[in-house]
């Protein structure tokens, strides 16, 4: 069992209060939950184009980053952080929303394409590589209607979770934190097995 060298966790989203709690910002939500649990304090870092926080864990130091560049330019902030701290792409993990995954599911990958995600696309462009870990957080897809697909997609990802969905969202965010703990201590393969097998089950279904 080989632990993973995790130096930087990046949550992707859009800055500004009007985007708080939206599906596209679930990466921010996960990072904020991690910060609350571990006692991190974010501060604006102009040189990183984002909000950052760091804290020591034994002889290691973990850093968090929320780009404030808007989703489509997230890679500029990620690139700046890697250059400033001297990290390699393999030492980071991006937390991103995934419309192709149903709400209640997660997927960890060590590398891969953007898969239509603009934040991942920007990061790949700025880093010049697809080889960096990403944890995709399912947000579900809007009801299918080909004639209105684009409009429905935009309103879906920029819309809030419903009250009925909130218990699932809370459980998923807790699972993301659990998955990050496993990634640090158990390594990519074992953590991936647990993360990719996670499924939210409603208490009413048990």
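Placement of Cβ uses the backbone N, Cα and C atoms for every residue, glycine included.
Predicted, not measured: the structure shown is a model, and the values here were computed from it.
Copied over from Swiss-Prot:
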SITE      14  site 'Discriminates between blocked and unblocked aminoacyl-tRNA'
BINDING   19, 70, 72, 118  tRNA binding site
ACT_SITE  24  active site, proton acceptor
SITE      97  site 'Stabilizes the basic form of H active site to accept a proton'
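On the structure: features taken from Swiss-Prot.
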{"residue": "14", "record": "site 'Discriminates between blocked and unblocked aminoacyl-tRNA'", "DSSP (3 states)": "coil"}
{"residue": "19", "record": "tRNA binding site", "DSSP (3 states)": "helix"}
{"residue": "24", "record": "active site, proton acceptor", "DSSP (3 states)": "helix"}
{"residue": "70", "record": "tRNA binding site", "DSSP (3 states)": "coil"}
{"residue": "97", "record": "site 'Stabilizes the basic form of H active site to accept a proton'", "DSSP (3 states)": "strand"}
{"residue": "118", "record": "tRNA binding site", "DSSP (3 states)": "helix"}
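Spatially, by CA atoms, the recorded positions 14, 24, 97 include one closest to residue 72 (tRNA binding site), and that is 14. Per Cα geometry, 14 is the residue among the recorded positions 14, 24, 97 nearest to residue 70 (tRNA binding site). For residue 118 (tRNA binding site), the same-chain residues 6+ apart in sequence whose C-beta sits under 8 angstroms from its C-beta are 71, 72, 74. Listed in sequence order, the residues of the same chain lying 6 or more apart from residue 14 (site 'Discriminates between blocked and unblocked aminoacyl-tRNA') and placing their CB within less than 8 Å of its CB are 22, 24, 25, 70, 71.
Taking the recorded positions 19, 24, 97 in turn, the residue surrounded by the fewest other Cβ atoms inside 10 Å of its Cβ turns out to be 19. Separating the Cα atoms of residue 19 (tRNA binding site) and residue 97 (site 'Stabilizes the basic form of H active site to accept a proton') is a whole-number distance of 14 Å. Around the Cβ of residue 70 (tRNA binding site), a 10 Å sphere holds 15 further Cβ atoms from the protein chains shown. Annotated tRNA site 19, 70, 72, 118; additional same-chain residues within 8 Å of its Cβ mean position, judged by their own Cβ, are 13, 14, 24, 69, 71, 73, 74, 119. For residue 72 (tRNA binding site), the number of other Cβ atoms no farther than 10 Å from its own Cβ, over all displayed protein chains, is 12.
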